[in-house]
Structures are given as C-alpha cells and as structure tokens.
C-alpha cells in the first residue's frame, strides 16, 4: 500500500513537470492518446458475453492484497472481501475499469450453478490468458468456487480454467457512501485522491474538485487505477468533488467532502452515492 501511494505521488510530480513543458501533452501521456469522450461508452452493455476464468491464491481465499486499482486493505474486508477480481486489459481499461462490477457464471451444468457470482474489478492480469485482447477473469478462490453447485467447489477449482459468460451489473455496497482517500505524499500543490465504494456503474470517467470560496471546477487527471491527481496550488479546502461515470456519464457532486484541515492518508466519506442501478 505504501508502494502504491509512492507511485501515485511520483506520477503527480511527473505531471507537474509535464505541465511546465508545453511541447508535451500530459493528458496524452495518461490517457494513452485517447480523449475521454471517445473512451466513454454511450450505454452500459447488459448482454451476456463469452470469456474465460481462472482462480488464484488460497482455495477459499479472498484474492489479491491491494491490486493495481490501489484499494489496498479494502479488498480484505466486507463489502469487497472475497468478491475481488483481476481482469484482462480490455476490461481494466488502463485503470478506468476499476470499481466496475460483473456477474460471471460457468456453463457446465453438471458442476456449475445456475447463479452467477458478482465480482468487483480491483486488479489487472496483463499476461498469459489475459493477453492479446482476450476477455479473462482471474478470480479469488472463494469467488471461483461460488460458481459451483453445492459441495462441488473443490472439483470446479480442480479444472483450473473455465469457459464462462459475464455481464455488467450494478455495484451495491450495502448502505456505504462514496469515500475519498487522500493518498500519501499529497500537499497543497499535489493532491491525489482514490475513490471508494461507488454504487451503480462503479467506474469513473472524470473527476473535478472545487476549492473553498470558488466557482471554478478543476479537472483532475487519471493517474492509475482508481487514483486521480491535481497539480496546482496552493489549494485551499474544503474541497467539493464532482464525479462522472465512464460508462453512461452519470454525475454526482459531494460538496465540501474534504475539510480544510485534510491530512494525507485520511479517508473522508460523503453523504451520498450513485443510484445502485445501471
């Protein structure tokens, strides 16, 4: 988790240097040359699609600790506990797919349950079965086992790799509101935030903040995973934060959610969330 925070801070500093060098476009660097409007889908795809799935970690384990999205220890506790998934780049979307929720189910009716398991994107699997444009889920042992009929989890895990179908589903965090973690290394000139517990679509396409006594919304840059960064200053709190989803451009504003006396590594919880629907 400390390494993730250090990486976020380093990337924010790099962004500052790029902003001071006009010939280089910082947005091109972090967006891979794609505009946000081009990357965002007009609607959420609700159809079942084919994919493959494997599992990792302990047989009934929760999956990875942390992961490429930067959620850290959140993946080890409810509501993420045992529901985490590592996905191939086509679903990870350079980190913009972090927080999205999917239903996944296997197809062999002799061993597979008819119900689907719900997983949350918390990590990326970049190689092997996840490479070359494939759609792949590398699930925690617990999530993988839940696709089996009662008592057959061990037999399903023995197969190792499965053909599955998947589709997007609404994220539901059981009454939790959206929270913002101020990443380690943040200052009044380098502010880095990680977004947690977004109901509904779960993915974030853009993020803006507004300072105290200001009417101007400042665009934050997507750095990696679920982390966003603003290089400007001095910044004066309290900060309001506006989120827009990647998939369907739904917006939400958390007013004065980060206080004037904010601290690095602290988490600040809003009083609202997106509707728990797609």
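Heads up, the Cβ atoms here are built off N, Cα and C, so glycines get one too.
Listed in Swiss-Prot:
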{"type": "SIGNAL", "residues": "1-26", "note": "signal peptide"}
{"type": "DOMAIN", "residues": "66-176", "note": "domain 'Expansin-like EG45'"}
{"type": "DISULFID", "residues": "69-98", "note": "disulfide bond"}
{"type": "DISULFID", "residues": "101-171", "note": "disulfide bond"}
{"type": "DISULFID", "residues": "106-112", "note": "disulfide bond"}
{"type": "DOMAIN", "residues": "189-270", "note": "domain 'Expansin-like CBD'"}
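Nearest to residue 112 (disulfide bond) in space, judged by Cα atoms and limited to the disulfide-bonded residues 69, 98, 171, is 171.
When the disulfide-bonded residues 69, 98, 106 are ranked by how far their Cα is from the Cα of residue 171 (disulfide bond), 98 comes first. Mean predicted confidence for the domain 'Expansin-like EG45' (66-176): the pLDDT average there is 92. A simple Cβ count within 10 Å picks out one of the disulfide-bonded residues 98, 101, 112 as the most packed, and that one is 98. Across the domain 'Expansin-like CBD' (189-270), DSSP assigns 0 helix, 44 strand, 38 coil. The Cβ neighbour count for residue 171 (disulfide bond), using a 10 Å radius and every protein chain shown, is 26. Summarising the environment of residue 106 (disulfide bond), the number of other Cβ atoms within 10 Å of its Cβ, over all protein chains shown, is 20. For the pair residue 98 (disulfide bond) and residue 106 (disulfide bond), the Cα-Cα distance reads 23 Å.
According to DSSP, the domain 'Expansin-like EG45' (66-176) comprises 27 helix, 34 strand, 50 coil. Listed in sequence order, 95, 98, 99, 121, 122, 123, 225, 226 are the same-chain residues at least 6 apart in sequence whose CB falls under 8 Å from the CB of residue 69 (disulfide bond).
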